[in-house]
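S.K.: Below are the structure tokens for one structure; questions will follow.
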Amino acid sequence: MIPVLPPLEALLDRLYVVALPMRVRFRGITTREVALIEGPAGWGEFGAFVEYQSAQACAWLASAIETAYCAPPPVRRDRVPINATVPAVAAAQVGEVLARFPGARTAKVKVAEPGQSLADDIERVNAVRELVPMVRVDANGGWGVAEAVAAAAALTADGPLEYLEQPCATVAELAELRRRVDVPIAADESIRKAEDPLAVVRAQAADIAVLKVAPLGGISALLDIAARIAVPVVVSSALDSAVGIAAGLTAAAALPELDHACGLGTGGLFEEDVAEPAAPVDGFLAVARTTPDPARLQALGAPPQRRQWWIDRVKACYSLLVPSFG
């Protein structure tokens, strides 16, 4: 938690905006823009997706400030198990994607991609099953209840799923689906985009909580929610750079219990990053703070007009944070 909000000028003075090229289209984008803030405790990442309005993005700025200005919490483990992340690629590309996650025994597969079919999803999931023993899928709220019931049956015809992540958009839909299928349900957007992140569990709509540092407002906020949510937690990336991944690893390492692989291996989705990506070893990532490489910051710097867009965004989000600090 940020005890005192630093001056806006201090944030802008140490702000770096970068554009990271991606290996494949993910979440509909091929370049990931983030703003990085250097502070007395290290580096923080402000990477709210560009379509988010300031009211939603300000939590991401709070997270960046916390990481840059506050000491990290004590950790309980020095490495974190990660899942491979498989975008909505053709089945023939699955082997190439999984090769970036050496030793991973769990894979998260994107499904319900606009413009694709359930048959595409089945083919992709089954290709992953041939290479990785544990599979989970993420629909990003792309199905209605009836579609999700049908998809759950089709996707488990050739093997089990660890869970369905955010198969439907609303808590009510998740609760209904959970009553109708045997596959465990994980909630992501229903937690990180909700005014009340605990509502999904009170509604008995999820078996697992997927928590992300930046959208929830920082490491301390994530740990607070994890302590109160009463279901197992998976810490995941919000398509973070190496700086954001380090914050996610710290949060996962600080949890009292960690029963599932975490979605923190997404650095492999970038062609270039602000620091040398940590390579998974036997399916684990080491817990460590990350300092960007100055040469990479310069080489990956966003164009002037995009840098100004992020500066304006920081100012707008900062103004929304000020009232919280009296």
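These residue numbers are counts, starting from 1, taken along the chain as shown.
The backbone N, Cα and C atoms fix where each Cβ goes, glycine too.
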S.K.: Taking Swiss-Prot at its word that Glu165, Asp188 bind Mg(2+), choose the one of Asp138, Asp196, Asp207 listed for that site.
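M.R.: Answer per Swiss-Prot: Asp138.
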S.K.: Residues with Cβ closer than 8 Å to the Cβ of Glu165 (Mg(2+) binding site), same chain and 6+ apart in sequence?
M.R.: Lys108, Arg136, Val137, Asp138, Ala139, Ala186, Ala187, Asp188, Val210
S.K.: Below 8 Å Cβ to Cβ and six or more residues apart, same chain only. Which residues does that give for Lys110 (active site, proton donor)?
M.R.: Phe26, Thr85, Val86, Pro87, Ala88, Val137, Asp138, Asn140
S.K.: Give me the non-local Cβ neighbours of Lys212 (active site, proton acceptor): same chain, 6+ apart in sequence, Cβ-Cβ under 8 Å, ordered along the sequence.
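M.R.: Set apart from Lys212 (active site, proton acceptor) by at least 6 residues yet with Cβ under 8 Å, we have Asp188, Arg192, Leu222, Val235, Ser236, Ser237, Ala238, Gly248.
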S.K.: Report, as a single number, how many Cβ atoms besides its own are within 10 Å of the Cβ of Asp138 (Mg(2+) binding site).
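M.R.: The Cβ of Asp138 (Mg(2+) binding site) has 24 Cβ neighbours within 10 Å.
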S.K.: Within 10 Å of the Cβ of Asp188 (Mg(2+) binding site), how many other Cβ atoms can you find? Include all protein chains, please.
M.R.: 25
S.K.: Using the centroid of the Cβ atoms of Asp138, Glu165, Asp188 as reference, list every other same-chain residue with Cβ within 8 Å of it (recorded Mg(2+) site), in sequence order.
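M.R.: Other same-chain residues near the Mg(2+) site: Lys108, Arg136, Val137, Ala139, Asn140, Leu164, Gln166, Ala186, Ala187, Glu189, Val210, Ser236.
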